[in-house]
Amino acid sequence: MSPLPVPRAELVVDLAAVRHNVRVLSEHCGVAMMTVVKADGYGHGMVEVARAAREAGSTWLGVATLDEALALRAAGDTGRVLCWLTAPGEDYGPAIAAGVDLTAYSLAELAEVEAAVRRIGTPARLQLKIDTGLSRGGATPADWPALVEAARAGEVAGHWRVTGIWSHLVASDEPDHPANDSQERVFREALAVAEAAGLRPEVRHLANSAAAVLRPSVRFDLVRCGLASYGLDPAPGHLPDLGLVPAMTARATLAMVKDVEAGAGVSYGHTWVADRATTLGLVPVGYGDGVLRSASGTASVGIAGRQRPVRGRVCMDQLVVDLDGDRPEPGSEVVLFGTGRDGAPTAQDWAEAAGTISYEVVTRIGGGRMVRTHVDSERDTDTALDAALDAAPDSGSSTRGSGR
Ligand SMILES: *Cc1c(COP(=O)(O)O)cnc(C)c1O
């Protein structure tokens, strides 16, 4: 099926798909784009995805941690980067020096940022987060006026510029959920309070992928798109078909094919017992590779364009599929999930099989031990692609590392 050499197991991430998705989302939304690349780009490789997103016109990158922001800078990114999750005592200095936009949730954080600014002698770029209902990070509406006053005072004193005001939605994947309306209302009130206090942020933002597509009224100046940038559907059953392309394909090499009699139990605990004589295929990936164990007995894989059900439990290093009497050659390509265009499952199919969301499917497998390779289906010729696949981890735009 594929002309590429297939190792035991690998993730192939198509950066052309990322660029395509970022462009589609930008055009659809008509405002500035922040591509969210936290958690190693949802398992797709943070630095490579970030580069592709910039090429496709993403003005901003979004990450959770200071370390992630600094890793983008270390990789040469010089554009706008927002980070939003710190713990008391973390050193803001390097991120301030690197021109990263920080997020403050509280007066205590403002004090820490001010101390870092005084220490390094560089003013910060600072965004403020209002908790509009998620009850996670951010200042509550009750604490908001004091945060805004202090932030404005720090701005007047030259400690920072307040560059943004933002919040995060509870149920953007459920367009009819009442939280959407109430959060938008609370956010608009918070913006008015900030404006009255004299703040003039560059960007106001509330929407993640699902809201960016489904709720035009919350696009404001900037949308923060994570999952949809990777070509996955953040609101299954609700999103219009925008032609997004899943960027990640997870594939392995069929290790073994064998016949079993009716009554043979399969994998640990014999949670599946063959009700007929059949053939089984051994796929050399498991939860040690980030394959979700909760998809035991429910997911399927694609072999030669046909879906084959996983039988019994997913083990640490391997899983077993039912070939139903067929005998594909050992060495054949097994697609766990990919674009869905070749008849194989998608990450969304795996999410449904495992009772989770596709966010977790890709982030987990990207954090496992599968080799991750970046390709570019627009730019790589077959020859260039083969060369890239054979290359060392640090060569060119293609990464063949541990995949962490
Ligand atoms: C992860 C995250 C996003 C991206 O969400 P998607 O649903 O993947 O688009 C946006 N904003 C914040 C604050 C996040 O933590």
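Just so you know, glycine gets a Cβ as well, placed from its N, Cα and C.
Sequence annotations record features per position, and here TrEMBL assigns N6-(pyridoxal phosphate)lysine to LYS38. According to TrEMBL, the substrate binding site annotation covers ARG136, MET316. Taken from TrEMBL, the feature domain 'Alanine racemase C-terminal' applies to 247-375. Annotation comment: TrEMBL describes 377-404 as region 'Disordered'. The annotation compositional bias 'Low complexity' is assigned in TrEMBL to 384-394. According to TrEMBL, the feature compositional bias 'Polar residues' maps to 395-404.
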Fewest other Cβ within 10 angstroms of its own Cβ, chosen from the recorded positions LYS38, ARG136: ARG136
Separation of alpha carbons, LYS38 (N6-(pyridoxal phosphate)lysine) and MET316 (substrate binding site) (Å): 26
Average pLDDT across the domain 'Alanine racemase C-terminal' (247-375), rounded to a whole number: 97
Surrounding CB atoms that lie within 10 Å of the CB of MET316 (substrate binding site), all protein chains: 12
Collapsed DSSP category at LYS38 (N6-(pyridoxal phosphate)lysine): helix
The domain 'Alanine racemase C-terminal' (247-375) - residue tally per DSSP class, helix then strand then coil: 26 helix, 45 strand, 58 coil
DSSP three-state assignment for ARG136 (substrate binding site): coil
